[in-house]
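Feature annotations, reproduced from Swiss-Prot:
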- 3-22: disulfide bond (DISULFID)
- 8-27: disulfide bond (DISULFID)
- 12-29: disulfide bond (DISULFID)
- 21: site 'Basic residue of the functional dyad' (SITE)
- 30: site 'Aromatic residue of the functional dyad' (SITE)
């Protein structure tokens, strides 16, 4: 799957994280 920054960020925020970033085409969530 291709990681889309906007989608990833929104997804992470919905799950209670502060932000999301694409790393090696994977969505990673960050609490800060």
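Note: Cβ is positioned from N, Cα and C throughout, glycine not excepted.
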Work out how many Å separate residue 27 (disulfide bond) and residue 12 (disulfide bond) at their Cα atoms, rounded off.
9
To the nearest Å, how far is the Cα of residue 8 (disulfide bond) from the Cα of residue 29 (disulfide bond)?
8
Can you tell which of the recorded positions 3, 21, 22 lies nearest to residue 29 (disulfide bond) in space, using Cα positions?
21
Would you kindly give the Cα-Cα distance separating residue 12 (disulfide bond) and residue 22 (disulfide bond), rounded to the nearest Å?
11
Tell me, by DSSP, whether residue 30 (site 'Aromatic residue of the functional dyad') is helix, strand or coil?
strand
